[in-house]
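**Q** Here it is, the structure, as structure tokens.
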Amino acid sequence: MSGLAFGLNAGKSQPGISKPQKRKAFFDDEEDVPEHKPPPQYGAKKTSKPLRPLSAFDDDDDNDDGSSAKEESKQYGLQPAKGKSAGTEKYTNLSALRSAKLHDQEASKIDASVYDYDGAYETFHTKQEKKPSTSGQESVPKYMTSLLQSAEVRKRDQLRAKEKALQREREAEGDEFADKEKFVTGAYKKQQEEIRRLEEEEKKREEAEEERRRKGGGMTAFHKQMLQKDEERMRMIKEAEEEVAKKKATGVEDQVEAEEETTDSKIAEELNKQGARIVVNDEGEIVDKRQLLSAGLNAAPKKPGREPEGPKKSNNDARPQEYWRSSKAQDARQGQRERQSRMVERQIEEMAAKQTEAETEQDKAQQEKNKSRVTEADKMGAKERYLARKKEREEEARKKKEAGG
């Protein structure tokens, strides 16, 4: 009876009766988070993550991704995929292995070096050995000859410019260092000799070029030849015009042989002899000229005195116009020839002036070079003076030493 309870508190749960446990999900894991989490405690420290060994390629992002993936998998209750069992790795595809071996044997029968990869690589990358030159001549650059020559010319010009700058400095110094001794090295002497030799070669080359230009004539000779041709053509035209004018003044013209033209009476007489019946009037003219026609093509006879008049008249009309045109062309050619002559004369004068100026500058440069050139006698004199001064200083020092002692 003690199990029965009476009163208003009969609906309350009894402590002895426990609630039924919640059934687990089908894909649930034993490591699921408990259903009732403890309430958070304020002021308590958070539990640190368990330590684990660091790998060489470990990264914070990877850790985060791994932890999030693990949590996600736990949240949905998914199990990780299981690897293949060790027994399945022992099995291989025997048919594919056999077919591959058969293909290898067939390829080896056809070509034994089919798998010689090292030999093929060496054949692709072998260096070509340089063939020794049959002739004993040294190898000359094929495309750099002009560049090397220009570089040599620039180097020579730089040496000459440097030498001229030194000469100007010495001229500006004047006699300031005249009492000092001067020494010249062998390399400097060789350099000066080389510069002088190159200058002489360049001068000879310029003279040869000038001689060739003088013989060839250049543009001057070309213009001169053109003027001579124009003068010859104008002379021939003028002679032809004078000859035509003389013939016209004397009335003598070229005689042209003309065929003898037969008259109507002669033609009728000849045809009547041949058996034709042609009627001729008292004046000797044929009455019906159709009687002259015969089978085939009939050419009408030319009337005397009419045909020559036409060409004479046309020639007389065309001659004044021809003379006017020829005189106008002659005046134009004469003016052109005069202009070309003046232009050629002006060019010749300019060339002569330039040549004179160049010769004057060359003479001045030679004179300055001769002035600044130091002779061997001057060098020996400077050395002797230096030795004499040195000897005097030694004598004075010796005398002072003796007087002091």
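Each residue, glycine too, has its Cβ placed from N, Cα and C.
Note that the structure is a prediction, hence the values are computed from the model and not measured.
Among the features that TrEMBL reports, region 'Disordered' is placed at 1-89, 190-276, 291-405. Annotated domain 'Nuclear speckle splicing regulatory protein 1 N-terminal' per TrEMBL: 101-215, in sequence order. What TrEMBL records for 190-213, 227-246, 263-272, 304-322, 328-352, 361-405 is compositional bias 'Basic and acidic residues'.
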**Q** At a C-beta cut-off of under 8 Å, are there same-chain residues at least 6 beyond the compositional bias 'Basic and acidic residues' (328-352) that contact it? List them, or none.
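**A** Answer is 219-220, 223-224, 226-227, 230-231, 234, 237-238.
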**Q** On the DSSP side of things, how many residues of the compositional bias 'Basic and acidic residues' (190-213) fall into helix, strand and coil, could you say?
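**A** Secondary-structure breakdown of the compositional bias 'Basic and acidic residues' (190-213): 24 helix, 0 strand, 0 coil.
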**Q** Averaging the per-residue pLDDT over the domain 'Nuclear speckle splicing regulatory protein 1 N-terminal' (101-215), what integer do you get?
**A** 80
